[in-house]
Amino acid sequence: MVDMDRISISLPTNLLAEFDEIIEERGYASRSEAIRDSIRDYLIKHKWIHSLEGDRAGTISIIYDHHSTDVMEKLTNIQHDYEKLIVATIHMHLDHDHCMEVVLVKGDASDIKELTDKLTSQKGVKQVKLTVMVPGGNIPQ
């Protein structure tokens with residue numbers, strides 16, 4: 001038997017309600033098993049992102065609450081710190097409270113990962129998705 005630790009987390013009511021619907025829909029035996037599965041998926045994604053090497057091009061998509069204290073200023077300052085990596089940005093208003101920013105990047109994978117981590121860790125950021133590709137000349141034939 002695997003050793004288990006018991007933890008406690010706080011979640012917004014609507015997030016937990018939506019998670020519980022998925023748990024029921026997918027037929028999980030318990031909320032704990034669904035959370036373990038979600039953590040496994042997160043760990044796999046993290047390992048994949050951090051195994052990337054070499055020259056890459058891609059997008060970093062960010063959804064954030066623009067009412068959150070200084071989030072827009074912080075995201076802009078971080079982007080200015082990586083101006084050699086960032087090719088372009090696109091900003092879109094999703095609704096009254098949320099914006100989406102798509103950052104086009106090209107450069108070393110380690111720098112792209114570092115930028116992604118800094119953007120992800122900001123208060124007010126709801127979701128970040130990194131998509132990377134091998135630049136055209138490096139695509140296997």
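Each residue's number is its place along the chain shown, starting with 1.
Just so you know, glycine gets a Cβ as well, placed from its N, Cα and C.
Annotation comment: Swiss-Prot describes His80, His91, His93, Cys99 as Ni(2+) binding site. Just so you know, the Cβ of His80 (Ni(2+) binding site) picks up 9 other Cβ atoms within 10 Å once every protein chain is counted. Annotation note: His80 (Ni(2+) binding site) sits in a helical segment as assigned by DSSP.
Residue density at His93 (Ni(2+) binding site): 10 other Cβ atoms are found within 10 A of its Cβ, drawing on all protein chains shown.
Within 10 Å of the C-beta atom of Cys99 (Ni(2+) binding site) sit 17 other C-beta atoms, taking all shown protein chains into account. Within 10 Å of the C-beta atom of His91 (Ni(2+) binding site) sit 11 other C-beta atoms, taking all shown protein chains into account.
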